[in-house]
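Single-structure report; data block below.
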Amino acid sequence: MTEKLVIIGNGMAPGRMLEHLLEKAPGQYAVTIFNAEPRVNYDRIMLSPVLSGEKDYEEIIIHGDGWYIKHGITLYKGHRIVAIDRDARTVTSDHGVTESYDKLVIATGSVPFILPVPGKDLPGVITYRDLDDVQAMLLAAQSREKAVVIGGGLLGLEAAAGLAGRGMDVTVLHVMPTLMDRQLDPAAGYLLQKELEGRGIKVLCKANTRAIVGNGKVEGIELEDGRIIPATLVVMAVGIRPSVGLAREAGLAINRGIVVDHGMQTSDGSIWALGECAEVGGMVYGLVAPLYEMARVAASHLAGEQGASFVHSDTPTKLKVTGIELFSLGDFADGDDREEIVLRDASAGVYKRLVLKGNKIIGTVLYGETADGAWFNDLKKKQTDISEMRETLIFGQAYQGGAPLDPMAAVAALPDDAEICGCNGVCKGRIVSTITEKGLTALDEVRAHTKASASCGSCTGLVEQLMTLTLGDSYNPAAVQPMCRCTDLGHDDVRRLIKAKGLKTIPAVMQELEWKTSCGCAKCRPALNYYLVCDWPDDYADDYQSRFINERVHANIQKDGTYSVVPRMWGGVTNSGELRAIADVVDKFEIPLVKVTGGQRIDLLGIEKEDLPAVWADLGKAGFISGQAYAKGLRTVKTCVGSDWCRFGTQDSTGLGIRIEKFMWGSWTPAKLKLAVSGCPRNCAEATCKDIGVICVDSGFEIHFAGAAGLDIKGTEVLGLVKSEDEALEHIVALTQMYREQARYLERIYKWAKRIGLDEIRRQIIGDAGKRKAYYDRFVFSQKFAQVDPWSERVSGKDKHEFLPMASIGYGQAAE
Amino acid sequence: MNWFAIGNIADIPLRGARCVKTPQGKIAVFRTAENEVFAIEDHCPHKGGPLSQGIVHAKAVTCPLHNWVISLETGKALGADEGAVKTIALKNDGGALFIALESLMVAAE
Ligand SMILES: Cc1cc2nc3c(=O)[nH]c(=O)nc-3n(C[C@H](O)[C@H](O)[C@H](O)COP(=O)(O)OP(=O)(O)OC[C@H]3O[C@@H](n4cnc5c(N)ncnc54)[C@H](O)[C@@H]3O)c2cc1C
Ligand code: SF4
Ligand code: SF4
Ligand code: FES
C-alpha cells in the first residue's frame, strides 16, 4: 500500500532525498511537498552566478515542473506550513490547505540572521537567501548607486562581487579584523581583501554597525565610531539560523537545530528532519555536502532500510567569485601540538598553508592557486603520513618524485578514490568508469550520470581534465555544445554550413558534415528538417519521419495516446455557424472534453487517432482549417475588441490581429510563436508577454517582442513605434523571418534575442529599411509553399497509413 | 506460438511505424532506414506512451511523451533510463510480414 509522505520545504536537501527515494523505493509513497518559495527546486548555491550574470535562473533549476509531473509528486508552491498537528498527523499551510501524512519530513532550511539594529526594517535592506533576494539586488543595481554589504563571509563577498560587477559602488563591512575569518587565516584574508579592493570594492574590517539610517527608505549605515556610509541598498549577510520555529511549536526536541538521531529521525517516530534545519551529533551544517549525506541516510530509512547512519566529514570551502582562487579545509588554528608549512609568492599573489599534527594534514588554506586542493583533501581524509614528502609537500602533487608534472599528469596521478566533487562526494574512479561504461562525451552527460560538478561547479575544471584524460583528444572542453551526440558541430555551425554548401536534404547534411550515426536521432532530425524547410522553401521536400508526432499528424498527442484538435479561429473571433459545426462534431464523435485555450481558441480533446481525418472533414465543411496548435510555427494571434467596440480602443486591434494571422499562418518557426494585439495600453490581449505583441496607441502601433509567459515569465522589449498597419505588418514579418533564419531549433524568440542582442535586432529591423524589406520578401516567398492546410490534404487521402492500423488480429482469427 | 500475417513491408514508411491491434493490446511494427523490421509492444516502459508514434532512428525509437529511447532489438531503454518493453518475434518472408503471438494467450478465448 502506498503511504503518504509529506515534505515541508523544497530545498536542496529534500530534493536530493527524493532522488534517492525514487530510486530505492519507487511507488512506495504518495509524495506531497509544501514550499514557501513559489518555485521548484533549484540550485541555491548557484545564486551568485545568477547575480553576476554568468548564469540564468533556468540553468540552475534542479527539478523542473516536468520532473514533478513525471514522478506524480504534488508540489504546493508558495505554501508555507504554519502548523503541524502530531496527534491528527496533519500539516496546514498559510493558504488553508491541510494534508495528512503517514510520514513527515521537515526541511525548512535556515533563515538569514538580521542584526537587531534600528532601521533594520527599512525598505532597501535585504538578505541573501533566495531568488527573490537576487531579483531585488538586480533591480537595485540598475540605479548604479551605492550598496553596503554587512558581513565579510562567503555569502557577503559573493553578493559584493556580484553587485560590483553590475556596476554598483560597494562597501563591505566586517566585524572581524580579516575577511572570511571562519574559513581563512589572517594572511589569506588579507590577500583576499587586497584582491577585492583591486576590483573597486571597499572593505572596512572591525566595523560595527550601530544603525541603519534613512527616512522611509535606506540612506546609509551608521557605524559604532559615528561614521556614516551612504547607501541605497543594504545587504545583510551576517549568518544564518536553522529554521526551527515550526518544529518547536509542534513540540519536537530542539537545540540549535531540530535534534535528530544518526538516522535523521526526530523525537517523533514518524517525523524526520534534514538539511540546514537539522542538528545531528550536536552539529548543524551550512554546506551542501553534509546535507546530501543526510539526504542519503533519510531516503534509506524512509525506504525501509535500517543500517544507514550519518557520518560527519569536513567540507572544503570555495568562494564562487570568478577570478578568485581560494580553498580552505579543516582546522587551521595555531597550537602547540601543531606545525605548519607555509609558502608565499607575493608577486604571484599566492599563499599556501598546511597545518600538520603528528605528520598528518589537519587543515589547509590555499589562496591564488588551488589546483592541489583535491590532493591535500585526499591526504587529510586518509590520514596519510607525509613525513617522506615533507620537503616538497607544499609545492603540491606535481613536485612529488622530482620533476614537476603538468596539471593533466597531476590529475592522472590522483588515486581512484580521490574525491573530485566535494558537494556530491563523487570520486575519480566513479567518474572515469561512468565515462567509459556509458560512452559519455559531454560535460552535461557526466553531470547527469554522476552528479559530479552538478552543484557549485567549482570542480568543473577537474572533471573536464578527467574527461580529456579518459577520452583523449576527442574531448575539447572549449568547443561549442554539439547539437546532439550524432555530431560535434553546434547548431549555428550546422545552419551556416547548410547554406554555405547548399545542402538540401537530411542525408546530404549528414554525409557532408560527417554525422557519426547512420540516420541521426530524435534531437537532430527535427532540427535539420526545420533548417532545411526554412532555408530552401521551394526545393526541400519536408521529411515527415523527422517530425515530432504532433507535426506529423497535425494534432496534439495527449498522455493516453489520444489527440486534441484546435481549429483556427482568426484573431480569436468566431460565429454561430462555426460554433454549431463544432457542437455537431463533438456530439458525433463523442469528444470527451471541449476547452477554451489561453490563445482564444477551442480545443477538442480525447479524439482517437483513427477518427482524426473524419473530424477534420466535418470541421473543414464549416470552413475551418488547422489551428496548428501543435506546430513549432505560428500558433495564434490573440486580440482584444479594440476601437470597434471598446470605449478605450485607439485602433482596430481585432482587424489588425486577423490580418497578421491570415498573412503568417502556416509558417514554421524554430519554436512556437504566439502573438497578440491590444487596442490600447490597458492591454487586454496581454500582448506584453508574447513572442511578438502590438500595443495600439493614438499615434500608431507599438511593436513588442521577446516576452515569455511559460516556465519563464518575462515582459516584452519594445522594438519600436510605427504609424500605419502596413508598417506594423512589415516589421512583424521581418522580425519573424530574422528569427526563423538565425535561431537554433527550439529556441524561443526571447532566448534568441538575448543571445543576439536587442540592439542588433533593432538595428536590422528598425534602422535598416533595406534589410527589413529583404527579410519581408523572403518570408513572403516561403509562405507560397507553407500556406497549405494540412487537414484538408489529409481528408483527401494524404498519409492515409498514419491514421489506420496496419492489421487487426481479432478473437475470430485466434480461434483458428 | 502462432504466426499471423500483418501485411507487407511496403505498408510501413521507412524510418516509420504502424500499429497492429490484437486482443492483448497494440503492437508497434517498425521499419528502419536499413529496411529491417521489428515488432514490440506499443507501450513505453516509462508511462505507457505509444512508441509507434515516436521518431525512428538507427535501431531505436524515441517515445513521443517524454523522450525515452527504446532499442527495437532488445526492447530495453537506452541511455540513463531503465526499463524494457516486450519484443515480439517477426518473420519477413520476401516482404510479407508475420508476427508471433503465444498460442496460449490467443487460444484462451
Ligand atoms: C547565495 C548562497 C550561496 C551558497 N553557496 C554555497 C556553496 O558554494 N557551497 C555549499 O556547499 N553551500 C552553499 N550555500 C548553502 C546551501 O545553499 C544550503 O546549505 C542549502 O541550500 C540548504 O538546503 P536545505 O534544503 O536545508 O534548505 P533550503 O535550500 O534553504 O530550502 C528550504 C526551503 O524550505 C522552505 N520553507 C521554509 N519554511 C517553510 C515552511 N514552514 N513551509 C514550507 N516551506 C518552508 C523555504 O522557502 C526554502 O525554499 C549557499 C547558500 C546561499 C544562499
Ligand atoms: S497543459 Fe500545460 S500547464 Fe497544463 S499540465 Fe500540461 S504542460 Fe502543464
Ligand atoms: S486593450 Fe484597450 S482597447 Fe483593447 S479591450 Fe482592453 S481597454 Fe479596450
Ligand atoms: S511514456 Fe515513454 S517516455 Fe514517458
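Backbone N, Cα and C define each Cβ position, glycine as well.
Owing to the predicted nature of the structure, the values given are computational and were not obtained by experimental measurement.
For A:4-289, the entry in TrEMBL reads domain 'FAD/NAD(P)-binding'. As annotated by TrEMBL, domain 'NADH-rubredoxin oxidoreductase C-terminal' applies to A:317-383. The annotation domain 'BFD-like [2Fe-2S]-binding' is assigned in TrEMBL to A:420-467, A:483-532. Look at TrEMBL and you will find A:558-621 tagged as domain 'Nitrite/Sulfite reductase ferredoxin-like'. Annotation source TrEMBL lists domain 'Nitrite/sulphite reductase 4Fe-4S' at A:631-771.
Scored by C-beta pairs under 8 angstroms, the domain 'Nitrite/sulphite reductase 4Fe-4S' (A:631-771) has its highest count with A:558-621, from the stretches A:4-289, A:317-383, A:420-467, A:483-532, A:558-621. Relative to the domain 'BFD-like [2Fe-2S]-binding' (A:420-467), the listed stretch A:4-289 leads the set A:4-289, A:317-383, A:558-621 in CB pairs under 8 A.
With DSSP states grouped into helix (H, G, I), strand (E, B) and coil, the domain 'BFD-like [2Fe-2S]-binding' (A:420-467) comes out at 27 helix, 4 strand, 17 coil. DSSP states for the domain 'Nitrite/Sulfite reductase ferredoxin-like' (A:558-621), grouped as helix (H, G, I), strand (E, B) and coil, give 29 helix, 14 strand, 21 coil. The helix, strand and coil residue counts that DSSP assigns across the domain 'NADH-rubredoxin oxidoreductase C-terminal' (A:317-383) are 9 helix, 30 strand, 28 coil. Predicted-model confidence for the domain 'FAD/NAD(P)-binding' (A:4-289) is 93, expressed as mean pLDDT.
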